[in-house]
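Undergrad: Quick one: this structure, given as structure tokens, is what I'll be asking you about.
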Amino acid sequence: MNVNLIEIMSLPFMQRALLGALITGLIAPSLGIYLVQRRMSLIGDGIGHIALTGVGVGLLTGTSPVLTAIIVSALGAVAVELIRERGRTSGDIALAILFYGGIAGGVFLVGLAPGKGSANLTSYLFGSLLTTSAMDLITIAILGACVLAVTVGLRPWLFAICQDEEYAKVSGLPVRTLNLLLAVMTAVTVTVAMRSVGLLLVSALMVVPVAAAQLVSRGFGGTMTLAMLGGVISAGVGILTSAGYDTAPGATIVLAAIALFVLVAAVGAVLRRRRRADTGPAAVCDPPECVLDS
Amino acid sequence: MNSPVLEIKHGAVAYDRPVLRDVNLTVRSGEVVAVLGANGSGKSTMIRAGLGLVPLAEGQVELFGVPLRRFRDWRRIGYVPQRLGAGGGVPATVGEVVSSGRLARRGFPGLLRAGDRQAVAKALAAVDLTDRVHDPVAALSGGQQQRTLIARALAGEPDLLVLDEPTAGVDAKSQEAFAQALRDFVRHGGTVLLVAHELGPLQPVITRAVVVHDGVIAHDGAVPHPAGHHAEPGHDHVHPHAPQDPPSIWGRQ
């Protein structure tokens, strides 16, 4: 299989697939960390649903589905942000309607589009890395750079608004603008990841590497770095595995991310047990309120 | 007389029912004002309205003589909320949280400059948390978390410190560390507005007390002396969470 794998990876379309996946693996957790910090881990999933309506609009009107997906999902993300800002209990229901309306609208519009074909729909729902063209790759790289510029470049601001929004307000930060910017960047990330893991699995790549990273890190910066590293590793391992076993790249990448999480959790648990055994009973630890182990 | 730092004129706040009615409060430069009152009296709402975190239904707020709507000089204000924000599942170190206190002073966020680092280190030292700088805040005790928030506000080197129940549920060591930090801040010309349930070791620092009762200011002047059981040393101030608190601020007659 090894020779075979090298052979496969020497094919230009596989290299493009790998590059596209690595970019996605790098940017998705860099944005996802803010969603996790806000305890809105599943929002990425919802924005993915909405993006499908954008894809439908693109296919129906003959414009680039990526462009229309960005526009529609950005509008959706802004709507989600406005619902969150109000903090109403009914917001929950509003989100549900928005998300399912998004996916239903997408399927509906794709059906109306000329030369429809369910294969087309599947490629957006579960990714279509292997058909990534050089042009696609350039789009992914440019959009990815925009996302990174915001998530990494504005980290102190975004950290502040996600950590303590009221404090950020009293610090004079443009809280509303930053929230909307974060919403739009979520939409861009979803659209970039649409190609590699698909709209239904987008959220996994935003959240799972962050979940793995925070098992071992102590701070926000460390979590972010490790999560991005974990995303890249998952994407690489996922693509290679999928090439070796001829499985769907998107799903394989997500499974690789989950495997990484399980591995980190297991290693972390063993290390903690060993450390506890070394330091003796829990009496050496902090006062009771500090104990966070579940 | 010193210039007003925070001024609420005829302020009224209503959620479903009126919470504050026609409140007038002026805090002048150099003062240390304690806002006292029972749970649900509206004391927290009052200072939050003073910072624009709660919209006023009526009346105006001025910060450093500028109407709230036009106020941009947020670096002059250090805000200490009641507790660490929800802050989610992602860990953050004490250093990271305290560093965000510099945001009002830095323009576009880049790397921390030497001055930023110095201010953060000084603020951590002021609340006696220097050795915890790399620890995740979630691993700290309630009192240490509160001190982290105070350090975050101090790191911005503000002129006015606004604190919402800084001593609630805080252990004695943290209360003492906090009182010391506050004394230093005042000695260097700072102004303080704080909400408190009880003053404890802060009492000597307070220059004026404002008692909020049932949405109006019931007292504005000298610090009232605790009565009854509250006056006993070591009094453990516990309120049953009953829907109605006793009518008097200082407990039963």
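Any Cβ shown, glycine's included, is placed from N, Cα and C.
This is the feature table in TrEMBL:
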type: TRANSMEM; residues: A:17-35; note: transmembrane segment
type: TRANSMEM; residues: A:95-114; note: transmembrane segment
type: TRANSMEM; residues: A:134-154; note: transmembrane segment
type: TRANSMEM; residues: A:175-193; note: transmembrane segment
type: TRANSMEM; residues: A:199-217; note: transmembrane segment
type: TRANSMEM; residues: A:224-245; note: transmembrane segment
type: TRANSMEM; residues: A:251-271; note: transmembrane segment
Undergrad: Are there three or more C-beta pairs under 8 angstroms joining the transmembrane segment (A:175-193) and the transmembrane segment (A:224-245), sequence spacing 6 or more?
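TA: Per Cβ check, the transmembrane segment (A:224-245) does not touch the transmembrane segment (A:175-193).
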Undergrad: Restricting to the same chain and to residues at least six past its boundaries, which positions have a Cβ under 8 Å from a Cβ of the transmembrane segment (A:17-35)?
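TA: That would be 9, 41, 43-44, 129-130, 132, 136-137, 140-141, 144, 147-148, 151-152, 158-159, 162, 182, 185-186, 189, 192-193, 195-197, 202-203, 205-207, 209-210, 213, 220, 223-224, 227-228, 230-236, 238-239, 249, 253.
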Undergrad: Using a Cβ cut-off of under 8 Å, list the residues of the same chain at least 6 residues beyond the transmembrane segment (A:134-154) that approach it.
TA: 16, 19-20, 23-24, 26-27, 30-31, 33-34, 66, 70, 178, 181-182, 185, 188-189, 191-192, 195, 224
